[in-house]
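Student: Just passing along the structure, written as structure tokens.
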Amino acid sequence: MNKLNKVILAYSGGLDTSIIIPWLKENYNCEVIAVCGNVGQKDELDGLEEKAIKTGASKLYIEDLTKEFVEDYIFPTIQAGAIYEGKYLLGTSFARPLIGKRLVEIAKAEGADAICHGCTGKGNDQVRFELAVKAFDPDMKIIAPWRIWDIKSREDEIAYAEARNVPIKINHETNYSKDKNIWHLSHEGLDLEDPKNEPKYDEILELSNSLEKAPNEPTYITLTFEKGNAVALNGEKMDAVTLLDELNKIGGKNAIGITDMVENRLVGMKSRGVYETPGGTILYKAHKDLEELCLDKETSHYKEQISLKFADLVYNGLWFTPLREALSEFIKKTQETVTGEIKLKLYKGNIVNAGMTSPYSLYSEEYATFGEDAVYNQNDSAGFITLYGLPTVVKAKMYQSLKKGTK
């Protein structure tokens, strides 16, 4: 392999990126600068610098991207109502473009020759990282070890690490592939690869209680939204990061947001994962219910179509594209009236709407009541039905004529 002077490595401290440091030095005879994008993984950052240096990196950047992640990536996606294949709240998908953008910025500042990532050649993340890099530096060399090295499995990785004294905290029995940020925690691999196996929730879950261990009494919370963004919890104003942290704690306690899913990957195969998204699931439910109160029918129905496309774009690594940006502008316009307060009941994995109000509510009890009212003339419906049903009547009469042989 050609010698490189300096390589920027997207570094998490996990198994993949830990062994990539010595592999890069052995194969490219280069300086390795590790970059960790802090998107809210918290305790996973402990001891990371010491580990990176000990493994062979010349330095480690720990970039605090959490605020930008929540405000510029998570909240706009909530506003879009984007859910991939009806289940996945895109926890890994929208983190990768942000990290990729920052990798390019550091690579330029350091005068690096290449950017390296530890994504498997079977996964979606290789696409997400590399499209982000190409969006900001189309000429940057990208190294993807999983596509070129002789290591073929997680077991091979562990053996490689042990042979080079790379410090790792996992073992062969609990070697789930995980991804964690302030939004979610994903679990893949091992027994989860067989869809007939029930997940061992008591062993897997880290952010959440299992249903069985959730409290036997419900928890009530109140969320306040302004223009589609949650701004307060139980009447207390909070910044976006703090609010999401608090919802993660409350939701996790009540077993909210645990998803076992078989999804269609961008690269063609199906994969299975268990996702923990406690706070995010609460926000999606609250936001969607408030939209039901505040959006008119045509906007709401059209936005459902946009939500599906937006989810595909994010999942497929197309965050930095004209279409995603254009859709975000449309969505932003729809959120101008999504302001109000919603009370939620959380109980053993369930979220129940317990009442909501909005100054922009389009719900009129005066019109909708089953009781007596003075504003709606029910006789008006007759003319409406006559005109609305006219195509049906014309078609029915045409078939009647054909049957009679008179047409």
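In case you wondered, yes, glycine gets a Cβ from its N, Cα and C as well.
It should be emphasised that the depicted structure is a prediction, and the values quoted were computed from it without experimental measurement.
From Swiss-Prot, for reference:
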- Ala10, Tyr11, Ser12, Gly13, Gly14, Leu15, Asp16, Thr17, Ser18, Gly118: ATP binding site (BINDING)
- Tyr88, Ser93, Asn124, Arg128, Ser177, Ser186, Glu263, Tyr275: L-citrulline binding site (BINDING)
- Thr120, Asn124, Asp125: L-aspartate binding site (BINDING)
Student: What is the maximum Cα to Cα distance, in Å and rounded to a whole number, among the residues Ala10, Tyr11, Ser12, Gly13, Gly14, Leu15, Asp16, Thr17, Ser18, Gly118 annotated as binding ATP?
Tutor: 13
Student: Which binding-site residues from the set Thr120, Asp125, Ser186, Glu263 come within 10 angstroms of Asp16 (ATP binding site), judged by C-alpha positions?
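Tutor: Matched binding-site residues: Thr120, sequence order.
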Student: If you skip the near sequence neighbours and keep only those at least six away, which residues in the chain come within under 8 angstroms of Ser186 (L-citrulline binding site), Cβ to Cβ?
Tutor: Gly91, Thr92, Ser177, Lys178, Asp179, Lys180, Gly273, Val274, Tyr275, Glu276
Student: Cβ within 8 angstroms of the Cβ centroid of Ala10, Tyr11, Ser12, Gly13, Gly14, Leu15, Asp16, Thr17, Ser18, Gly118: which residues besides those meet this for the ATP site?
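Tutor: Sorted by sequence, the hits are Ile20.
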Student: Counting only other Cβ atoms and using a 10 Å cut-off, which of the binding-site residues Thr120, Asn124 scores lowest?
Tutor: Thr120
Student: How big is the gap, in Å, between the Cα of Glu263 (L-citrulline binding site) and that of Asp125 (L-aspartate binding site), rounded to a whole number?
Tutor: 14
Student: What is the number of other Cβ atoms found within 10 Å of the Cβ of Asp125 (L-aspartate binding site)?
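Tutor: Asp125 (L-aspartate binding site) is surrounded by 21 other Cβ atoms within 10 Å.
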Student: Relative to the Cβ position of Ser177 (L-citrulline binding site), how many further Cβ atoms are located within 10 Å?
Tutor: 18
Student: So how many other Cβ atoms are close to Ser12 (ATP binding site), meaning within 10 Å of its Cβ?
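Tutor: For Ser12 (ATP binding site), the 10 Å Cβ neighbour count is 21.
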